[in-house]
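K.L.:
The structure under discussion is supplied below as structure tokens; questions concerning it will follow.
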There are 4 protein chains.
Amino acid sequence: MLTTHPFDDDKLHEECGVFGILNHPQAAAITALGLHALQHRGQEAAGIVSFDGDFHVEHTMGLVGDHFSTEAVISKLKGPAAIGHVRYATTGAAMMRNVQPLFAELEFGGFALAHNGNLTNAQSLRRQLVRRGCLFQSTTDTEVIVHLMALARGGSPVDRMIEAVRQVEGAFSLVAITPKQVIGVRDALGVRPLVLGKLGDSYIMASESCALDIVGADFVRDVEPGEMIVLDESGVHSMRPFQQQPRRLCIFEYIYFARPDSVIEGSSVYEARRRIGEELAIEAHVPADAIVPVPDSGVPAALGYATQSGIPFELGIIRNHYVGRTFIEPTDQIRHLGVKLKHNANRRVIEGKRVILVDDSIVRGTTSKKIVEMVRAAGAAEVHMRISSPPTAHPCFYGIDTPEQDKLLAHRFSVEEMREFIQADSLAFISFDGLYRAMGEPRRDPDALRYCDACFTGDYPIRLTDRDERDSIENLRPALRA
Amino acid sequence: MLTTHPFDDDKLHEECGVFGILNHPQAAAITALGLHALQHRGQEAAGIVSFDGDFHVEHTMGLVGDHFSTEAVISKLKGPAAIGHVRYATTGAAMMRNVQPLFAELEFGGFALAHNGNLTNAQSLRRQLVRRGCLFQSTTDTEVIVHLMALARGGSPVDRMIEAVRQVEGAFSLVAITPKQVIGVRDALGVRPLVLGKLGDSYIMASESCALDIVGADFVRDVEPGEMIVLDESGVHSMRPFQQQPRRLCIFEYIYFARPDSVIEGSSVYEARRRIGEELAIEAHVPADAIVPVPDSGVPAALGYATQSGIPFELGIIRNHYVGRTFIEPTDQIRHLGVKLKHNANRRVIEGKRVILVDDSIVRGTTSKKIVEMVRAAGAAEVHMRISSPPTAHPCFYGIDTPEQDKLLAHRFSVEEMREFIQADSLAFISFDGLYRAMGEPRRDPDALRYCDACFTGDYPIRLTDRDERDSIENLRPALRA
Amino acid sequence: MLTTHPFDDDKLHEECGVFGILNHPQAAAITALGLHALQHRGQEAAGIVSFDGDFHVEHTMGLVGDHFSTEAVISKLKGPAAIGHVRYATTGAAMMRNVQPLFAELEFGGFALAHNGNLTNAQSLRRQLVRRGCLFQSTTDTEVIVHLMALARGGSPVDRMIEAVRQVEGAFSLVAITPKQVIGVRDALGVRPLVLGKLGDSYIMASESCALDIVGADFVRDVEPGEMIVLDESGVHSMRPFQQQPRRLCIFEYIYFARPDSVIEGSSVYEARRRIGEELAIEAHVPADAIVPVPDSGVPAALGYATQSGIPFELGIIRNHYVGRTFIEPTDQIRHLGVKLKHNANRRVIEGKRVILVDDSIVRGTTSKKIVEMVRAAGAAEVHMRISSPPTAHPCFYGIDTPEQDKLLAHRFSVEEMREFIQADSLAFISFDGLYRAMGEPRRDPDALRYCDACFTGDYPIRLTDRDERDSIENLRPALRA
Amino acid sequence: MLTTHPFDDDKLHEECGVFGILNHPQAAAITALGLHALQHRGQEAAGIVSFDGDFHVEHTMGLVGDHFSTEAVISKLKGPAAIGHVRYATTGAAMMRNVQPLFAELEFGGFALAHNGNLTNAQSLRRQLVRRGCLFQSTTDTEVIVHLMALARGGSPVDRMIEAVRQVEGAFSLVAITPKQVIGVRDALGVRPLVLGKLGDSYIMASESCALDIVGADFVRDVEPGEMIVLDESGVHSMRPFQQQPRRLCIFEYIYFARPDSVIEGSSVYEARRRIGEELAIEAHVPADAIVPVPDSGVPAALGYATQSGIPFELGIIRNHYVGRTFIEPTDQIRHLGVKLKHNANRRVIEGKRVILVDDSIVRGTTSKKIVEMVRAAGAAEVHMRISSPPTAHPCFYGIDTPEQDKLLAHRFSVEEMREFIQADSLAFISFDGLYRAMGEPRRDPDALRYCDACFTGDYPIRLTDRDERDSIENLRPALRA
């Protein structure tokens with residue numbers, strides 16, 4: 001199969017985006033628009049739950065705009081409160097029952113929950129809950145939190161939610177809806193982003209500020225790490241269910257995940273990428289004739305690189321806009337043609353030139369290898385690759401879909417071996433210190449880290465209970481498909 | 001309705017792309033890939049006809065990859081010869097019977113035809129044909145040619161085709177398939193492009209060279225204006241059905257229609273756009289802090305402008321990748337929010353700056369007005385608009401969908417009035433001479449024009465029989481929906 | 001594949017039903033209901049064309065109720081005039097372009113035509129038309145008539161239609177719509193039925209009277225053989241384009257095709273079937289314990305047989321109501337189970353009994369063989385088969401889909417050999433005279449036949465031009481797929 | 001809306017059918033066929049769960065044959081064990097999460113359950129379970145049983161199932177699948193049917209014997225009231241979880257629900273219906289010319305009536321085979337036509353005659369009223385209605401969907417008032433004693449009832465805990481939508 005699908009890119013994938021709004025007569029329509037703006041955080045499924053006395057639930061496999069765009073669907077999602085979710089499903093099988101928000105009837109009434117992140121003790125908690133007789137309908141982490149709420153001793157939804165989130169470990173930016181509230185929570189380290197916005201008299205919570213922009217809402221502030229925000233009729237309430245800890249936002253949000261027009265914890269994503277490109281040009285320059293971004297994610301760093309180096313920025317690789325398509329590859333005759341569904345070399349600006357390609361990351365290395373080959377075939381005199389992140393050598397346990405460690409090129413190989421693998425004339429990654437400099441710090445200080453960079457360093461800031469159990473038990477029964 | 005659909009952009013639209021291949025065991029699969037590369041030339045319908053002794057016909061409304069991507073469909077399109085078509089339907093109603101290639105059984109056997117362009121005497125010919133008793137199934141120009149072939153006195157398909165195309169006026173790059181040949185024709189002036197490629201022992205004809213690149217085929221040469229190329233078992237045959245005339249390729253192919261990685265009549269589309277940007281910066285510069293392209297089509301010209309002016313190129317407007325979606329706009333409450341489905345200002349790089357926006361054209365002006373407003377709302381100190389084409393003041397009759405002349409902003413207004421309308425601080429278009437300089441000529445020489453620029457100048461190089469009849473006859477019956 | 005589809009029954013199939021109405025504000029909705037009542041005449045495709053100044057065309061593959069049942073579809077079919085068609089497609093490939101009514105723009109304006117029947121000189125006419133340069137879009141006979149109209153010298157639609165239908169041979173009950181009329185025509189012998197009805201101020205034409213009943217319309221009279229009826233604003237006009245000939249209605253309409261509640265040329269279909277059953281009991285009785293119809297079409301004849309013979313009528317075979325389904329037959333393990341998707345023996349009323357099965361016809365004999373086997377397996381002491389039609393030994397050329405003659409059991413075998421083939425204890429068919437007696441005549445008088453019974457007798461009342469040409473020409477080129 | 005849908009018939013509706021098979025290589029395909037044979041027991045949703053080491057779950061809204069008929073679907077349902085379910089959803093909203101079999105991961109592994117019947121203490125149990133922290137995903141009774149199993153102390157699936165079913169009250173014929181077994185249970189009174197069959201080395205359980213017939217399986221015996229049957233690798237195991245009680249099969253299974261070719265607890269459904277018709281003719285005869293069944297369910301009783309009375313049986317009402325369709329009813333103009341989508345009077349056999357209509361039941365009376373009107377409009381001299389069940393005056397709590405009691409015509413009216421309502425010349429229902437005589441008993445003996453006839457008598461054999469609680473508590477919170 002030939003595919004133009006972005007998921008087949010050799011990229012890491014964010015697992016989710018969340019959105020919630022209270023007190024707007026068109027809550028579901030606003031939520032649909034917000035999810036559309038967050039579509040880059042998850043393209044395989046989407047869901048919205050609204051409340052108008054009753055709860056209304058709509059899930060879909062596929063893009064937000066393919067389902068939540070019609071009067072017929074939106075008009076079913078009645079009420080002034082709504083939450084929504086976009087999902088990147090990590091399991092191959094698209095499973096409708098895993099689509100969020102998850103809805104359940106608890107003792108106090110209906111409740112729905114949307115989650116961006118990953119729990120690191122979900123399997124351990126799940127085993128305990130199953131042993132107590134809990135029935136699981138989905139294979140998501142998120143359902144663990146719902147069961148913990150159902151079993152909580154506290155009476156009110158807020159009390160139960162506090163009791164529940166205190167038992168879970170991992171990264172979680174949650175948005176929940178109850179008959180009286182919309183609630184947002186970030187884990188104690190704030191690994192995944194969550195922002196608070198305002199649209200007239202309504203309050204909004206969303207994974208990124210671009211989801212506020214799309215509906216013209218004002219950005220109020222980031223939800224703080226470890227903060228729970230409760231929106232209700234009387235306004236915005238801030239609570240602190242967790243002990244204070246230093247913040248550790250995922251640095252990959254700046255490198256690749258977030259939309260360039262989002263601002264996270266005060267920093268513009270676009271500007272961060274541009275600065276990383278500048279640092280790269282300082283650290284790892286070679287003489288060249290053109291700076292060529294690998295579209296589209298490599299563009300801001302390539303602009304930074306070009307500015308710093310003074311070498312012309314050129315669209316030497318053209319992307320086909322009609323992505324998301326899959327074509328059959330009927331025979332070997334076609335396979336060996338090296339069909340270029342997604343990218344094409346812009347031969348005239350490459351031919352005879354020394355080209356520096358700029359990309360954001362190398363995961364398995366397969367795409368990088370093909371792109372170097374394509375650029376060389378288009379006549380480049382030299383092909384240098386510059387990467388705006390350090391080598392991705394460690395899996396993420398906090399909500400990013402990483403391949404098994406053995407498939408990470410940076411885990412298997414040295415940089416020189418990686419260069420050999422992708423057949424570039426040179427290869428360089430941004431250094432740890434360069435990356436932190438681009439983020440406005442003097443260097444990467446292991447004792448005062450503001451970001452989670454575990455995928456580069458293996459320095460995991462949150463306990464990995466499930467992984468550690470798995471490693472320590474020989475006769476472990478087959479892991480649940482969480 | 002809110003829409004992210006590219007068609008709602010205030011752009012002119014190419015009406016079609018064509019592709020044909022002979023002598024490849026996977027002809028239909030190759031054609032599907034070629035059409036995917038030509039998808040920007042028409043997104044509303046697609047079709048493929050193949051031949052393996054019998055003709056096989058498949059049409060679809062929508063994108064190539066939504067239908068011609070499965071084994072089930074491709075395996076029906078058997079045979080070593082195939083032609084294909086992508087279509088931008090100008091009529092609101094999506095009509096399956098208008099989807100090309102058109103297939104018909106003629107006296108010599110089956111025949112299918114795909115057409116990019118527009119005939120300027122189609123209605124006149126059609127009326128004559130209907131009077132003779134011809135039944136029209138579609139409302140396309142293309143069917144006129146098929147009827148002319150059916151009625152031709154000549155015996156062979158090639159003779160009939162020559163007889164047919166000599167009777168039509170207008171712009172036409174045709175690709176046809178018969179039981180023995182794949183035939184390509186460009187009109188005498190070569191208004192629309194058509195190239196010849198080679199893939200192993202197979203020959204290909206396609207609207208643009210990017211459709212050769214996608215399957216790794218070699219570019220051989222442009223089909224010449226007025227040339228008919230016949231591919232058959234014995235190879236490539238060139239014929240000249242028309243009297244020699246100076247070439248007049250559509251200049252808008254360089255400005256907007258063609259893909260930047262295509263090379264047309266020896267010129268790189270990307271480089272032409274970049275050079276227009278440079279000329280713009282020479283002609284119409286103002287002091288500024290950032291050059292911001294209107295994505296995506298404005299990017300090459302903006303790069304040229306930035307290079308020439310020395311002002312930083314910045315992605316000050318971010319495009320949502322998930323285009324092609326339509327959302328309901330349930331109430332006025334949402335409408336007045338100014339929902340930004342497609343574009344968002346990248347506030348941090350705009351705030352407080354003097355911004356020069358670069359776009360390729362202004363048609364109705366509605367989108368430009370919104371973009372200026374959005375950039376200003378994001379805090380730009382000044383907003384200047386630079387356009388990489390001259391004012392579009394005249395309708396196209398040669399295959400481009402232009403609105404009625406009264407809706408063309410440049411027809412209604414002077415440049416200053418247009419500036420006022422879009423509320424920019426300044427507005428400038430590339431001059432005629434600047435445009436021709438960018439194309440490598442000293443200036444626009446009305447006596448030796450190499451391009452059709454009628455949409456800017458009103459200087460129509462091919463007779464407009466239908467329009468002239470319409471204008472001259474008072475009591476004309478309702479025009480056919482061609 | 002296992003299938004419950006009625007088409008897989010070993011039955012002959014009517015090819016079409018037609019409907020037309022003028023002067024009703026809900027013309028399309030009425031037409032949809034009428035077609036639903038005629039659904040038994042063709043289940044594979046349906047279409048409606050309405051007129052309200054413009055023509056509106058809707059076609060569908062599948063059942064009327066699957067498409068023409070929604071407000072969205074019906075509301076597109078505006079206007080006070082409409083015609084419709086249900087089709088049994090004879091070619092394997094479901095081809096949308098063959099779905100009727102066929103619509104074309106003629107010199108006088110739009111025109112649509114729906115046809116029940118079959119032309120016997122269609123291929124001959126088609127070849128002449130193609131030689132003249134006519135382009136055929138479909139493979140239907142019907143299109144021949146449309147081309148003849150387009151080429152007719154006459155000016156008015158009615159004149160052209162008369163000129164066209166005089167050139168065709170075969171069976172045709174047509175309903176057409178023009179900008180001013182709804183026109184119905186029956187061929188000179190009236191092989192296929194057509195009735196005239198009245199609903200308030202509106203007139204209706206339909207293949208059977210049950211299509212009048214469904215909307216509560218009054219039956220006015222049969223359209224006469226050779227009559228053309230023109231409905232227009234001034235009322236009902238009768239014309240006689242053909243020379244007078246004796247009527248020859250298809251007798252199989254009474255035996256199987258028509259709905260039992262229809263009345264055709266004065267005779268109740270249900271009563272005709274019952275009387276055939278009575279005649280069968282007189283002609284071919286054997287001692288037995290139960291008369292069991294093969295559901296559902298054998299029921300009326302079985303009732304007649306039971307009444308005449310005094311033997312109890314029993315539902316010894318039960319039909320699954322959920323027909324029209326197809327199931328996979330994954331392996332031989334299942335195939336040999338003899339899955340009974342459509343029919344099940346009602347064991348308790350069969351066990352130990354001498355059973356007379358009554359069915360309407362035997363075509364290939366495959367279903368009869370299975371049913372005899374099933375009834376015997378359920379414990380019947382004897383299984384006798386009685387058929388309410390004579391042996392079907394000849395193909396129909398007048399609008400009924402018959403298998404190639406070699407596949408007709410009655411062509412290959414004597415009655416005794418057929419009995420052997422289906423493994424019944426005895427087998428009898430109604431005699432020719434018995435059949436005519438049931439129709440109220442003294443006997444089958446070859447010199448004064450009121451019915452077409454060619455499928456039993458080979459006595460074809462209308463010239464078979466295409467067949468005769470085919471037989472006479474050795475080197476005939478491959479026949480068109482008509 | 002006009003509808004031909006059987007559900008709009010004024011009938012009671014069975015809520016479900018179940019099927020299970022162990023030890024067949026094509027278990028899912030066999031299950032699909034079995035469910036197709038049980039389709040009359042529930043047409044709105046269907047599901048199959050198979051096991052081959054992993055559990056495979058497929059649900060669909062709609063008919064079995066619309067989804068479970070393709071290789072693609074069946075091939076996903078791997079393994080030698082499968083259970084299936086067809087469902088008549090009582091709630092208006094089609095809810096995918098209510099479709100059975102319900103699947104859950106319990107401590108011992110996966111488990112799926114299919115249920116025909118209704119629990120009478122489900123709401124009471126559900127409230128207790130929610131209070132304990134159980135999360136309910138569906139609104140079905142069935143999920144209560146799954147939670148009870150999850151919470152059971154017993155270790156093995158069989159022990160847990162016994163513990164669970166002992167806590168529930170009501171009617172339940174269950175089929176369940178575990179990693180090692182297929183389990184069937186009937187409640188202590190055996191209100192709903194369940195049979196055991198054998199196909200080669202495989203055992204089958206199904207709601208009716210017709211589901212054995214379709215795949216050629218042998219009928220072994222009825223599962224006994226109060227019996228649990230466990231199929232595993234070692235064969236068939238019978239257990240008795242409940243105290244012995246007299247059997248009380250639902251008598252309506254004979255009157256209407258079951259297929260006529262099924263045999264339940266030794267009695268043929270078809271013969272029972274025929275005998276009821278005979279009893280009716282003895283009890284309530286009037287002079288008449290024709291016995292006309294209301295198709296299709298009235299046919300066997302009408303045959304019995306005709307045999308007993310000696311009056312001809314005639315198909316005086318013809319049913320359109322293409323049921324299950326819904327048509328718009330665009331305007332009052334059409335509404336007042338009295339469109340006859342489903343039934344048409346066969347005028348020729350009714351006109352001038354005294355007609356006895358035979359139907360199986362009257363629920364709301366709306367359809368009966370229309371049918372009497374239609375028959376009278378077709379010219380019947382007299383219209384008498386005979387019903388093969390006693391008046392339906394009480395709701396069913398054991399798995400049949402009955403309207404609210406106030407809508408039951410027999411609850412509101414005396415027989416004479418009902419006659420007046422439907423406008424018949426006379427109306428009679430079978431007597432209680434007549435009904436029991438038809439079932440082979442001397443009369444209805446209240447002290448030794450073999451059947452549940454609560455819908456006629458109000459004599460409920462199983463406690464109605466939920467109803468009684470509801471009646472006794474004034475301030476009850478809104479009932480769960482079970």
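Cβ atoms are placed via backbone N, Cα and C, with glycine included.
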K.L.:
Can you find which of B:Ser297, B:Ser426, B:Ser431 TrEMBL lists as binding Mg(2+) at the same site as B:Asp359, B:Asp360?
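P.N.:
Within the candidate list, TrEMBL flags B:Ser297.
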K.L.:
Is it possible to get the count of other C-beta atoms within 10 angstroms of the C-beta of B:Cys455 ([4Fe-4S] cluster binding site)?
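P.N.:
A 10 Å sphere around the Cβ of B:Cys455 ([4Fe-4S] cluster binding site) contains 29 other Cβ atoms.
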K.L.:
If you count the C-beta atoms lying within 10 Å of each candidate's C-beta, which of the recorded positions B:Cys16, B:Cys250, B:Cys396, B:Cys452 ends up with the smallest number?
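P.N.:
Least crowded of the recorded positions B:Cys16, B:Cys250, B:Cys396, B:Cys452, by Cβ count within 10 Å, is B:Cys396.
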K.L.:
Looking at the domain 'Glutamine amidotransferase type-2' (B:16-234) alone, can you tell me the average pLDDT?
P.N.:
92
K.L.:
By CA distance, which of the recorded positions (B:Cys16, B:Ser297, B:Asp359) lies nearest to B:Cys396 ([4Fe-4S] cluster binding site)?
P.N.:
B:Cys16
K.L.:
In whole Å, how far does the CA atom of B:Asp360 (Mg(2+) binding site) lie from that of B:Cys250 ([4Fe-4S] cluster binding site)?
P.N.:
15
K.L.:
From the recorded positions B:Cys16, B:Ser297, B:Asp359, pick the residue whose C-alpha lies nearest to the C-alpha of B:Cys452 ([4Fe-4S] cluster binding site).
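P.N.:
Nearest candidate: B:Cys16.
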K.L.:
Restricting the comparison to the recorded positions B:Cys16, B:Ser297, B:Asp359, which residue's C-alpha is spatially nearest the C-alpha of B:Cys250 ([4Fe-4S] cluster binding site)?
P.N.:
B:Cys16
K.L.:
Quick one: pull the CA-CA distance for B:Asp359 (Mg(2+) binding site) versus B:Cys455 ([4Fe-4S] cluster binding site), whole Å only.
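P.N.:
Approximately 17 Å lies between the Cα of B:Asp359 (Mg(2+) binding site) and that of B:Cys455 ([4Fe-4S] cluster binding site).
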K.L.:
Between B:Cys455 ([4Fe-4S] cluster binding site) and B:Cys16 (active site, nucleophile), how far is it from one CA atom to the other, in Å?
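P.N.:
Between the alpha carbons of B:Cys455 ([4Fe-4S] cluster binding site) and B:Cys16 (active site, nucleophile) there are 18 Å.
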K.L.:
Starting from the Cβ of B:Ser297 (Mg(2+) binding site), draw a 10 Å sphere and report how many other Cβ atoms land inside it.
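P.N.:
Other Cβ atoms found within 10 Å: 23.
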K.L.:
If I take the alpha carbons of B:Ser297 (Mg(2+) binding site) and B:Cys16 (active site, nucleophile), what is the distance between them in whole Å?
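P.N.:
Spelling it out, the Cα of B:Ser297 (Mg(2+) binding site) and the Cα of B:Cys16 (active site, nucleophile) are 18 Å apart.
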K.L.:
Give me the count of other Cβ atoms within 10 A of the Cβ belonging to B:Asp360 (Mg(2+) binding site).
P.N.:
25
K.L.:
Measure the Cβ-based neighbour count of B:Asp359 (Mg(2+) binding site), defined as the other Cβ atoms within 10 Å of its Cβ.
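P.N.:
Its Cβ shell of radius 10 Å holds 24 other Cβ atoms.
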K.L.:
Cβ within 8 angstroms of the Cβ centroid of B:Cys250, B:Cys396, B:Cys452, B:Cys455: which residues besides those meet this for the [4Fe-4S] cluster site?
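P.N.:
Residues close to the [4Fe-4S] cluster site, other than B:Cys250, B:Cys396, B:Cys452, B:Cys455: B:Val191, B:Ile251, B:Phe252, B:Tyr398, B:Gly399, B:Ile400, B:Asp453, B:Ala454.
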K.L.:
Other residues with Cβ within 8 Å of the Cβ centroid of B:Ser297, B:Asp359, B:Asp360 at the Mg(2+) site?
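P.N.:
Those within range, site residues removed, are B:Lys11, B:Ile255, B:Tyr256, B:Pro293, B:Val294, B:Gly298, B:Ala301, B:Val358, B:Ser361, B:Ile387, B:Ser388.
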